[in-house]
Amino acid sequence: MVGFFYKISFICPLCSVSDTKTFFVFSKEPFEDGYANGEEGTPAGDAAAAYTPDSKGVVKFGWIKGVLVRCMLNIWGVMLFIRLSWIVGQAGIGLSVLVIGMATVVTTITGLSTSAIATNGFVRGGGAYYLISRSLGPEFGGAIGLIFAFANAVAVAMYVVGFAETVVELLKENGTLMIDEMNDIRIIGAITVVILLGISIAGMEWEAKAQIVLLVILILAIGDFVIGTFIPLESKKPKGFFGYNADIFMENFGPDFRQEETFFSVFAIFFPAATGILAGANISGDLADPQSAIPKGTLLAILITTLVYAGIAVSVGSCVVRDATGNVNDTIVSELANCTSAACKLNYDFSSCQSQAGCHYGLMNNFQVMSMVSGFAPLITAGIFSATLSSALASLVSAPKIFQALCKDSIYPGFQMFAKGYGKNNEPLRGYILTFLIALGFILIAELNVIAPIISNFFLASYALINFSVFHASLAKSPGWRPAFKYYNMWISLIGAILCCIVMFVINWWAALLTYVIVLGLYIYVTYKKPDVNWGSSTQALTYLNALQHSIRLSGVEDHVKNFRPQCLIMTGAPNARPALLHLVHAFTKNVGLMICGHVHMGPRRQAMKELSTDLAKYQRWLIKNKMKAFYAPVHAEDLRDGGQYLMQAAGLGRMRPNTLVVGFKKNWRQGDMRDVETYINLFHDAFDVQYGVVVIRLKEGLDISHLQAQDLLSSQEKSPCAKDVIVKVDYSKKSETDTSIDGSLGEVPVYSKSSSSPLNVTDQRLLDASSQFQKKQGKSNIDVWWLFDDGGLTLLIPYLITTKKKWKDCKIRVFIGGKINRIDHDRRAMATLLSKFRIDFSDIMVLGDINTKPKKENIAAFEEMIEPFRLHEDDKEQEVADKMKEDEPWRITDNELELYKTKTYRQIRLNELLKEHSSTANIIVMSLPVARKGAVSSALYMAWLEALSKDLPPILLVRGNHQSVLTFYS
């Protein structure tokens, strides 16, 4: 763990500025506990460094111009002028208000969720993408960011085509079409989008001014309609407009669905009108105070626009009848018996509309009702122009801003070029051009009826995830989730997310499914690519919370033999220096048990504590990068044995604690300091004392490739903030300052010059090849199990687990056991029965009747020659000299000890002969580890046994369980 210590500036409150500076320079000398004072910033200082004042000349908007105006313009779309009256005609005033209310519920919940996220820390550019990615992580953020930017780009085309269609209708009325309707829409649309692009590129200030002008026109148009409702002209009555009338209100209050329309189809048509609530949040990077502006502007815009929509729905439903002929001759001279409509009561007979499809006026038949009702019709046309152009302009600005933020985060490396900004406002000019080209392409297609529901669903998917973000963050209970905006509720946000998903299907079921598929596809892509970002998302927080809760729950469960799994503490030192050790252990712990890489740092505490924190991040990153499901656990200790004891006692959590110690064979034991051998052997005894099993792994080529890894270690630190402190030159003469690991080597990885590119010698090349042998598919070969002692079954369980892995699945298990020559068949059958009960597949069982035969003389002689430098030869020395020597060098082999354990010595030599005879072609050998009684057998003799037993063989695992059963017959 990394501790954070801040400068304590109040230590000297009376010091001058210069004195304070001097104090901090002086206090960079590390404390005795290893942490350097003054290396971390104060919270206020960090905030000041991260969020510097705005540069001179940068345009920043307040909540009115930046959020309120944009949201109102986007929500008040063309729907207000040419579809709302038709919705009232179909659904009636009551259901129309309900439709508006339902849409408002969804947008209000989303607005509350947006406000909560926006006030939970500083908000930078990127709008919906920034809010979602920083809350749920890059996977959801990257998926939504891309489709949301694309949706805004296509929305530009939709709004521009809406504008062009209105212009073409005016040209058609006046008989001034340029070519034909379709091509005129394309020409006008293309010209319009070029003008909008020019306004956008001119800068946010010009774009904001244009939005203000458009808002004024829009408000005037709405006012024009309201005034017109109070002026019912006689000329407008044949078209169905009679002014406010209670009979018309009552007649239009209920629904009258026609042409197979339903409540939900009408709702689907209206809802896209309410999808402009993120227009302000989308330019969050251009807001002076996004934390304050987004909640105020968004929620007030929703309130104002909802009231206007509902007010206009009630007004138009109270003034205009559903059907009208437009014929002034349809006035009633005498009372008709069968005419009971509101129009009849106002002396107009529009009953002919029920029998023939000749009516072109009224709420149901005329999309231009608001123009007809208004006091000055051209102003309504100007309002339509304003609504379409303002929405197009907002989308044209939003799409590049969102896309730029997405590209800056390198979620999709192929789009990196669009991250570049220009000018004082960091304008995404490349994004503007891309958005322009996408919009122009769809304008030229001029067929947007199919794409429109997809765009609406893209917006809704964003709203759903914003709501889900608030729920998820609240559920995760992260201490970092502290929104300044308090008016939200996690369950209401969840309901909002569900409502958004339901509305997606209501609008268009196939578009909803397509949206889900696209979001899921992008999510899988980003998850697979694993972008190197860490935003403290609620996904991380919830993962931690789930892990914590499950760990605590697991702690209350007693261990059971059926659930036993090898959970390994591997004494690796630097993990990347011994890849073969890691990969072999990973073969039987991956997705099965715990794997912890132990690393003992020795030497001065001050230096070691610095290395611990940097190594923890560095090597955990290395394990993840190499897809090793393991943890890295460094400790500082006075010597290796103490460090091993610390790890065995403290590593793990609850039930997720190691139960097996794994070490590499100490290959250089004969050349090294025998005190290190004493420490090595004592670790085995310490492991048995704390009920651990022990596994010793030996490769004849060796395990340690640290001297070949210097350049790789350096390159693996390109992202480390303290790379310069990670690898240091080591003076091997100062053993107390070295870093220790177990496989026969002591010391930190030495640093070699990057320029040294001399070819490897044969030994090093073999070592390098051997280090990667367990990363390859093993093919059809054998795993030989020499089960010589009953240790609880660990010697059998490990090879079984290895064969369950993909790389080892073609390997067969062969079992070797000791026995008597006259009972070989009986012992084989008994072992086969036992293995069948354990449900362990095997290809062969071999009973070795000659296991106790005396080994060959040359092998005995070679053993005696190997141990000669370590013998005490007390019979050739005086008693006092011999006793003194044994006291100073307890690892030495006495003549009495050698004679006493002669049988056991011969057994190890003989086993090696049998291993070479039967298992020389095996992929790996798993064999029972011989154990010497603590204090009875010298370290040199025990190491000589292990050497004699395992030399010149394929990779071998010497295994000894803690005599607790790990296999059972029962289900």
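The backbone N, Cα and C atoms fix where each Cβ goes, glycine too.
Automatic prediction, not curation, is the source of TrEMBL annotations.
Residues or ranges marked as domain 'Amino acid permease/ SLC12A' in TrEMBL: 66-569.
Annotated transmembrane segment per TrEMBL: 67-87 (among others), in sequence order.
Through the fold, the transmembrane segment (93-119) approaches residues 84, 87, 131, 134-135, 249, 252-255, 263, 266-267, 270-271, 273-275, 277-278, 281, 284, 290-291, 294-295, 298-299, 302, 306, 309-310, 313-314, 317-318, 463, 466-467, 469-470, 473, 483-485, 487-488, 492-493, 495-496, 499-500, 503 of its own chain, all at least 6 residues removed from its boundaries and within a Cβ separation under 8 Å. The annotation transmembrane segment is assigned in TrEMBL to 93-119 (among others).
Here TrEMBL flags 140-164 (among others) as transmembrane segment.
Annotation comment: TrEMBL describes 184-203 (among others) as transmembrane segment.
Counting only same-chain residues 6+ beyond the ends of the transmembrane segment (212-233), those with a CB under 8 A from a CB of the stretch are 65, 69, 72-73, 76, 80-81, 241-244, 308, 312, 315-316, 319, 370, 373-376, 379-380, 382-387, 389-390, 393. Sequence annotations record features per position, and here TrEMBL assigns transmembrane segment to 212-233 (among others).
Residues or ranges marked as transmembrane segment by TrEMBL: 263-285 (among others).
Long-range contacts of the transmembrane segment (297-317) within its own chain (CB-CB distance under 8 A, at least 6 residues past either end) are made by residues 63-64, 66-68, 70-72, 75-76, 80, 84-85, 87-88, 92-93, 96-97, 100-101, 104, 107-108, 111-112, 114-115, 222, 225-226, 229, 244, 248-249, 252-253, 273-274, 277-278, 280-281, 363, 369-370, 373. What TrEMBL records for 297-317 (among others) is transmembrane segment.
Summarising the annotation, TrEMBL assigns transmembrane segment to 376-399 (among others).
The transmembrane segment annotation in TrEMBL covers 432-452 (among others).
Taken from TrEMBL, the feature transmembrane segment applies to 458-476 (among others).
The annotation transmembrane segment is assigned in TrEMBL to 488-507 (among others).
What TrEMBL records for 513-528 (among others) is transmembrane segment.
The annotation domain 'SLC12A transporter C-terminal' is assigned in TrEMBL to 578-971.
Note on the domain 'SLC12A transporter C-terminal' (578-971): its mean pLDDT in the predicted model is 80. For the transmembrane segment (488-507), same-chain residues at least 6 beyond its ends with a Cβ under 8 Å from one of its own Cβ atoms are 105-106, 109-110, 112-113, 115-116, 264, 267-268, 271-272, 453, 456-457, 460-461, 463-465, 467-468, 470-471, 474-475, 515. A contact links the transmembrane segment (184-203) to the transmembrane segment (376-399), because at least 3 Cβ pairs that are 6 or more residues apart lie under 8 A. Stretch with the largest number of CB pairs closer than 8 A to the transmembrane segment (376-399), among 67-87, 140-164, 263-285, 458-476: 140-164. Proximity of the transmembrane segment (458-476) to the transmembrane segment (140-164) is established through 3 or more Cβ-Cβ distances under 8 Å for residue pairs spaced 6 or more apart.
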